[in-house]
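Colleague: My structure is below; once you've seen it, I'll send some questions.
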Amino acid sequence: MEIRAAEISAILKQQIATFGTEAEVAEVGQVLSVGDGIARVHGLDKVQAGEMVEFPGGIKGMALNLETDNVGVVIFGDDRNIKEGDVVKRTGSIVDVPVGKGLLGRVVDALGNPIDGKGPIEAASRQRVDVKAPGIIPRKSVHEPMSTGIKAVDALIPIGRGQRELVIGDRQTGKTAILVDTIINQKRWHDANDEKAKLFCIYVAVGQKRSTVAQIVKTLTDYGAMDYTIVVAATASEPAPLQFIAPYAGCTMGEYFRDNGMHALIIYDDLSKQAVAYRQMSLLLRRPPGREAYPGDVFYLHSRLLERAAKMGDAAGAGSLTALPVIETQANDVSAYIPTNVISITDGQIFLETELFYKGIRPAVNVGLSVSRVGSAAQIKAMKQVAGSIKLELAQYREMAAFAQFASDLDPATQKLLARGARLTELLKQPQFSPMATEEEVISIYAGVKGYLDKIDVRQVGRFESSLLSEIKSKAPEILTAIATEKQISAQTEEKLKAFLDAFSKTFA
């Protein structure tokens, strides 16, 4: 073998010329103890609160407790591979997630990493997870409707764009069903391709079973709703820090649409589980417990999240972010700590009851306890025209329902009231996955409050409604179009509608 001195020296010269003197500088600390998703780290003197840190093997964590001699870090992942003495690096960045339209149709984890096997995400940019809510000046009062396609909600508890409306009830009362229907209902605006009316949806699943999340994704895909939806999943098997951060991550993704003049809807399903995850983290970090062992700042945990939902003024692009948080109660106890907190933060609540659900009244909305504090300003005039009287009649019916058992002894006026109430209650029932267009809801409720159902057997109300709507679509679509475009029932439209209903009632059998 021949040794060429000239060649060797040329290679050595080249190596020396390209030798980089710049060493990689990182501030590091050492793990003192680890367990239950929490690591105590010594060092990291300059770490910021909420900063991302990196453990060996690429596992990320977030610095939450900054104490005199150590830092309490919550671990976003499996802590079994982290051991005492491991080196922890500062990343210099606060926790952030990808945002943009590239996320639509995807399922991501709490840190924005795709978990649906469809390849990497093309994000517009990355934004911080925990940012301040918009101030008072850039906001505008809620004035545009956010249609859910559910008669009971759109008529009695209307929701506007930029509103925060709580959905509260025991387990298995149909909370998620209402929310999934709301997402599916937005398809009609996406199909119409009206950019101003489109509503992008974000569904944040916190602490739910993986099978449940998979089922929801499948349902949304089947109905073509995944095209405008992002699903953020932090399931029950994920560590508490990921369940805690997921709602904020989803909210940041929604804020991208709000701040770019678009409209978004975010669903947190559910915040009780986020509060439980936060309680677990806080207790393990040895923060002092308060009522029901929740930490003292659990109110702030939810208020800073829900205050980020807003309707922006014209100067700020006129976008909006509507929030529908979910709270699960135990035995219909609305006066527990977390439910009362969230009720006081939101602009109203939809209260679902087990008893109604088992009676077959679905959606099981308790109309008496449910309110919408700002939604009436967003309701279209046509719905206001018919919904005013249905509220009153249902309230009177609930008051009188206690006497319904002694129906034979009641005067005709009360009997009539009870009969009307029973039919209106039947009219507000709606099967799952069949949201209605606003103009159809208006016609359906109009028929109820104007007495067209009074002579019909209660069991036939559903059939009457479906026949009426299919008949009106085929024979008098101009009535539907008039209500949809004018957003009110004008005198001419009402005349046509009355004539149509009179004729239809005679033929219905």
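The count begins at 1 with the first shown residue.
Including glycine, each Cβ sits where the backbone N, Cα and C put it.
As listed in Swiss-Prot for this protein:
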type: BINDING; residues: Gly169, Asp170, Arg171, Gln172, Thr173, Gly174, Lys175, Thr176; note: ATP binding site
type: SITE; residues: Ser370; note: site 'Required for activity'
Colleague: Round to the nearest Å and give the CA-to-CA distance linking Arg171 (ATP binding site) with Ser370 (site 'Required for activity').
Modeller: 17
Colleague: Among the binding-site residues listed here (Gly169, Gln172, Lys175), which has the Cα closest to the Cα of Ser370 (site 'Required for activity')?
Modeller: Gly169
Colleague: Gln172, Thr173, Thr176, Ser370: which of these recorded positions has the sparsest Cβ neighbourhood within 10 Å?
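Modeller: Across Gln172, Thr173, Thr176, Ser370, these recorded positions, the one with fewest Cβ atoms within 10 Å is Gln172.
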Colleague: Including all protein chains shown, what's the count of other C-beta atoms within 10 A of the C-beta of Asp170 (ATP binding site)?
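Modeller: Around Asp170 (ATP binding site), other Cβ atoms within 10 Å: 18.
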Colleague: What is the one among the binding-site residues Gly169, Gly174 whose Cβ has the most other Cβ atoms less than or equal to 10 Å away?
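Modeller: Per the Cβ count, the most surrounded site is Gly169.
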Colleague: Near Arg171 (ATP binding site), how many other Cβ atoms are within 10 Å of its Cβ?
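Modeller: A count of 10.
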Colleague: In the three-state scheme derived from DSSP, which category covers Gly169 (ATP binding site)?
Modeller: strand
Colleague: Quick one: give me the count of other CB atoms within 10 A of the CB of Lys175 (ATP binding site).
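Modeller: If we count other Cβ atoms within 10 Å of Lys175 (ATP binding site), we arrive at 24.
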Colleague: For ATP, what surrounds Gly169, Asp170, Arg171, Gln172, Thr173, Gly174, Lys175, Thr176 with a Cβ no more than 8 Å from their Cβ centroid?
Modeller: Glu328, Leu352, Thr354, Phe357, Ala364
